[in-house]
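Q: According to TrEMBL:
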- Thr58: active site (ACT_SITE)
- Thr58: active site, O-isoaspartyl threonine intermediate (ACT_SITE)
- Thr138: active site (ACT_SITE)
- Ser105, Thr138, Asp139: substrate binding site (BINDING)
- 49-237: domain 'L-asparaginase N-terminal' (DOMAIN)
- 264-368: domain 'Asparaginase/glutaminase C-terminal' (DOMAIN)
- 1-21: signal peptide (SIGNAL)
Amino acid sequence: MSPSFQSLLAIATLAGSAALASPIPEPQTPQLIPRAVGDFECFNASLPNITIFATGGTIAGEAGSADQTTGYQAGALGIQALIDAVPQLCNVSNVRGVQIANVDSGDVNSTILTTLSHRIQADLDNPHIQGVVVTHGTDTLEESSFFLDLTVQSEKPVVMVGSMRPATAISADGPINLLSAVRLAGSKSAKNRGTMIVLNDKIASARYTVKSHANSVQTFIAEDQGYLGAFENIQPVFWYPASRPIGHHYFNISTSSPKKALPQVDVLYGHQEADPELFQAAIDSGARGIVLAGLGAGGWPDEAADEIKKVLNETDIPVIVSRRTAWGYVGERPFGIGAGYLNPSKSRIQLQLALEKKLSMDEIQDLFEYV
């Protein structure tokens, strides 16, 4: 049955996000750009409208043979190929695809992230869009997910999805992950939960979830905090009411230009005989903040720690102390602010945003106190 005139009129006001090629231009002030029903792969007025933003990664990867699951080219396939591979998407939503980038996730930078955040916010601010999905490589998916969790303000779902096998592999996990993610993005029960991660039938919070295995499809876990839910027959099932973590902070970056990189924050890895001069070297190379991946619960070799304290007394460089261990809590240390439950990569993201918004040292300390 053809959609009603009212439905067509509503869809014609959808916020447009034109497909982008590298380099990425600076986004303009979000506007409602007229669009046609034909912009969707299919249209059913009774289904939710979902935008899929593609950034590359293994889910868009291509290998020389179907049994090759390493050494493939990440970001080889465009968003249209990903959508075409899952015709069942039309059974659960009206989807349209937007290519933001097509890179290995190790090459995702603040230009891509800021652009992506702006585009997502523009879509979610439109009353005719019910949710957003982002396809992304898994290596840095936890960082990008946390960035969006901190910079997108909406009750509507933002769902990050990737895969551990390239699209050309036997039993590729990308298609079912994408279908699950789109189903979740259109679910009313997914509202007010922030950015979520979907892989291997699990629903996880962007804040606490990390990649734990280099090869297994069961790689994203939240050891201490646990999953939010799972999928049964592609239906999302949540185990708890909607809520946000204590200490969640929203950073409004609507006026931040993607052309201007976020403040440089370096991560130093703790180990035996750590070079005391590395800390000063990071500052000399332009770091405006430093994250320490400390030993155990944030420890650091004495000689190097003494050098850090000396530099801290002479500068206003914020230092966040995290851990190189997979899980655990880091409180305040003599040579820096404890990262709480955040790992080094997520501590870096939050410190970058804090510096971008020019938070004071006391405000930065408060920011990390309850995470």
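Glycine is no exception: its Cβ is also placed from the backbone N, Cα and C atoms.
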Q: Cα-Cα, whole number of Å: Thr138 (active site) versus Ser105 (substrate binding site)?
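A: One finds 7 Å between the Cα atoms of these residues.
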Q: So what sits near Ser105 (substrate binding site) in its own chain, CB-to-CB under 8 Å and at least six residues off in sequence?
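A: The answer is Thr55, Gly56, Gly57, Ala74, His136, Gly137, Thr138, Asp139, Thr140, Leu141, Ser144, Gly162.
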Q: Suppose the substrate site is Ser105, Thr138, Asp139. Which further residues of the same chain have a Cβ inside 8 angstroms of that site's Cβ centroid?
A: Gly57, Thr58, Asp104, Gly106, His136, Gly137, Thr140, Leu141, Gly162, Lys211
Q: Return the residues near Thr58 (active site) by Cβ distance under 8 Å, restricted to its own chain and a separation of at least 6 in sequence.
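A: When sequence neighbours closer than 6 are ignored, Thr58 (active site) has Tyr72, Ala74, Gly137, Thr138, Gly162, Ser163, Met164, Arg165, Pro166, Gly174 within Cβ distance under 8 Å.
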Q: For the domain 'Asparaginase/glutaminase C-terminal' (264-368), jot down how many residues DSSP puts in helix, in strand and in coil.
A: 42 helix, 24 strand, 39 coil
Q: By a simple count, how many Cβ atoms lie within 10 Å of the Cβ of Thr138 (active site), its own Cβ left out?
A: 24
Q: Let me know the DSSP-derived helix, strand or coil state of Thr58 (active site), please.
A: helix
Q: CB neighbours of Asp139 (substrate binding site) within 10 A?
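A: Cβ-Cβ neighbours of Asp139 (substrate binding site) within 10 Å number 18.
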Q: Limited to the domain 'Asparaginase/glutaminase C-terminal' (264-368), I'd like the whole-number average of pLDDT.
A: 95
Q: For the substrate site made of Ser105, Thr138, Asp139, how many Å separate the two farthest Cα atoms?
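A: Per the listed residues, the maximum Cα distance equals 7 Å.
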